[in-house]
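Visitor: After the structure tokens below, expect a handful of questions from me.
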Amino acid sequence: MAQFDTEYQRLEASYSDSPPGEEDLLVHVAEGSKSPWHHIENLDLFFSRVYNLHQKNGFTCMLIGEMFELMQFLFVVAFTTFLVSCVDYDILFANKMVNHSLHPTEPVKVTLPDAFLPAQVCSARIQENGSLITILVIAGVFWIHRLIKFIYNICCYWEIHSFYLHALRIPMSALPYCTWQEVQARIVQTQKEHQICIHKRELTELDIYHRILRFQNYMVALVNKSLLPLRFRLPGLGEVVFFTRGLKYNFELILFWGPGSLFLNEWSLKAEYKRGGQRLELAQRLSNRILWIGIANFLLCPLILIWQILYAFFSYAEVLKREPGALGARCWSLYGRCYLRHFNELEHELQSRLNRGYKPASKYMNCFLSPLLTLLAKNGAFFAGSILAVLIALTIYDEDVLAVEHVLTTVTLLGVTVTVCRSFIPDQHMVFCPEQLLRVILAHIHYMPDHWQGNAHRSQTRDEFAQLFQYKAVFILEELLSPIVTPLILIFCLRPRALEIIDFFRNFTVEVVGVGDTCSFAQMDVRQHGHPQWLSGGQTEASVYQQAEDGKTELSLMHFAITNPGWQPPRESTAFLGFLKEQVQRDGAAAGLAQGGLLPENALFTSIQSLQSESEPLSLIANVVAGSSCRGPSLSRDLQGSRHRADVASALRSFSPLQPGAAPQGRVPSTMTGSGVDARTASSGSSVWEGQLQSLVLSEYASTEMSLHALYMHQLHKQQTQAEPERHVWHRRESDESGESAPEEGGEGARAPQPIPRSASYPCATPRPGAPETTALHGGFQRRYGGITDPGTVPRGPSHFSRLPLGGWAEDGQPASRHPEPVPEEGSEDELPPQVHKV
């Protein structure tokens, strides 16, 4: 089992944001005063149902929607069986003559029912087909299971319906016009009246998000740390990403809720996974479980594949007939949705961001049409269109032309060909501006590798972005291939990472009082998971492998603070937000250099400063991007970056009329009303429509504010990276040996122990020759606490890392050892208590 060695260390809880005296609070309520919603045991499921009912626009819409899902499954199975066994295709294709007349010389008119077999013949053909009977039995069992689940869900959601009516006081007719922030604010208030959770006197917005997104946060962290096998290098195709709904379902089945999963229930990780003494045994158990689930997927592959093909055919056949170019459209891939998702971001919040970025993303990808392909498409459209025009003209002259064999088929195929060819012909009025489009995309999706900036016109950037924003046809093809590929990925790619996954859940799980076991990354704690290149320098104590990649901790914290302005962040997060606010003020003040003549004047840049609070919020982003793109080559690259940062800071300051005059120190700037009341959580108006309109407008301002912060933080990150290029690590790609470690050779004296074991997925710092004393202190502390440094005793010095040829990271000038330091099977590690994160 030496191949399972990995380098994770225990991550201790960092802070407590519970009110003084409530760390171990257990609220007691007299028996007679208990409400129906007092002490709900499974709050994860309860809050998830509350959220789902809100997103499905009420009980009636949810009920009808699930009924149609049952009917849809039944229709697909029944209609497919009818087409296979109850249709005489010889009559349908006119290979067999049917005569309804008593006189053979009279003309025959075949009707559609003539091709239907009698019920007795149809039943006999079904009974003779053994494979069809097997498929129908399996489909019937599955449908009955879904029917029972539907009835159970209806009973459960009726309780949620009552909760909305009586506890939250929101009628179902008004629910479609209430934002989630309004519902969430009423849940927080309901906790004070009904004590939904007895372990805390008050619920916070973060508590509710943790309950709803517990497993989703783990998935985002696993993708962020590149622990799931999603990237593959194929001959002739290069590096590809494969992540489908079926593969994601299997990941969640294995890790979260399936039989033998890592979690005891929805809110608690099993006790044995919280300690390191049995890590190898647990990894072997997980590896075996992955193997059996992979074998089960392989056995069920034919049935799943048939269902995928039938469902895709019935779903997209009509769309292709109506819009042949639909498959040429693009959509956000499942990997892109997981990669771009913030910690603690609900599904509708993510969808809203991606919807805003869809049009600029489509325009960006359309900039890369091949000139040769365009030439072929123009000529193909000309030839196909010419033939199509002649056939249409003949049909208009005499409609009997359609009665000629294959004429209608030819017309249809030619129409599809013309439509497809036109999709490859660019708009003659389109302007090629990939850098500007990529910056607009960044404003909405918030995440982007550094090497994309300045290289938006390169095909490599386009290919990497296509992994996030793929063709609809590629999405359908991947879903069709998923039943075949998923068992192979589980058996041959996921199993070797069993120990890394076990260590990940042990080291990055904290127990939050009143919430349960959550992913520590979801705490958005810049001290434990911040990155020094993302404005967290001096505020983070995280080692390299404890840092979240791509600035996800910092951007997630900013997004959550803007989305939930009533949330009180912990001390370290408050300091980070306060520092960022001060930096925005300084850079915004520096934007006045344009009026002083020190920098070239720009009309678009000047228009930003004249924007008022009632202006269209999205115009701020357009002005910032356009102003930064129109300066020309007269400015140096560094000066352009500084001016762009000043533009964004000036745009952020334009939100000041919406902010209250006296905001708490460290609070993030929020879109608020002039009276200081957060209108995103409590809309008011003379009617439901006025309140809904006000909520939507303020939501747009909040989204624009976050977009500007994303641009600003990326610009700061870029400048800090250029200042210390040797320290920057972005998007650490997996190697062929990721997840595997070589077996140990020799004894303890064969090599010098490393402070942090190295792996193929995470870089680590090794002792530098120039600082032996500091390294000794730092290494000794890291060996015990996984790289967390005491800020009061051990200063953090800059580290220099280089990529190893076969994966992994080592410090410049130091030899890379292939043997990580072993984690003891028994002993002191097993004596450590489970982590308790008091919130």
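Cβ coordinates are placed from backbone N, Cα and C, and glycine is handled just like the others.
According to Swiss-Prot, the N-acetylalanine annotation covers A2, on the basis of similarity to another entry. What Swiss-Prot records for 8-11 is motif 'Tyrosine-based sorting signal', and it gives similarity to another entry as the kind of evidence. Positions annotated as phosphoserine by Swiss-Prot: S14, S16, S18, S656, S735, S738, S741, S828. According to Swiss-Prot, the feature transmembrane segment maps to 62-84, 129-154, 372-397, 407-424, an assignment based on similarity to another entry. Positions annotated as topological domain 'Lumenal' by Swiss-Prot: 85-128, 398-406. Annotation comment: Swiss-Prot describes 291-301, 320-328, 471-480, 484-492 as intramembrane segment, evidence class similarity to another entry. The region 'Disordered' annotation in Swiss-Prot covers 657-686, 717-839. As annotated by Swiss-Prot, compositional bias 'Basic and acidic residues' applies to 724-736. Among the features that Swiss-Prot reports, compositional bias 'Acidic residues' is placed at 737-747, 823-832.
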Visitor: Against which stretches of its own chain does the transmembrane segment (62-84) lie, if we need a Cβ under 8 Å and a gap of at least six residues from its ends?
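Guide: 52-53, 56, 122, 126, 129, 132, 136, 139, 142-143, 146-147, 150, 153-154, 157, 310-311, 314.
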Visitor: Take the topological domain 'Lumenal' (398-406) and find every residue of the same chain, 6 or more past its ends, with a Cβ under 8 Å from one of its Cβ atoms.
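Guide: Distant contacts of the topological domain 'Lumenal' (398-406): 391.
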Visitor: Apart from its near flanks, which chain residues at least 6 from the ends of the intramembrane segment (291-301) lie with a Cβ under 8 angstroms of it?
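Guide: Sequence-remote neighbours of the intramembrane segment (291-301) are 250, 253-254, 258, 483-484, 486-488, 490-491, 495.
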Visitor: Under 8 Å between C-beta atoms and at least six residues away from its ends: which parts of the chain pack against the transmembrane segment (372-397)?
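Guide: Tertiary neighbours of the transmembrane segment (372-397) are 407, 410-411, 414-415, 417-418, 421-426.
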Visitor: List the helix, strand and coil residue totals of the topological domain 'Lumenal' (398-406) as derived from DSSP.
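Guide: Taking the topological domain 'Lumenal' (398-406) as a whole: 5 helix, 0 strand, 4 coil.
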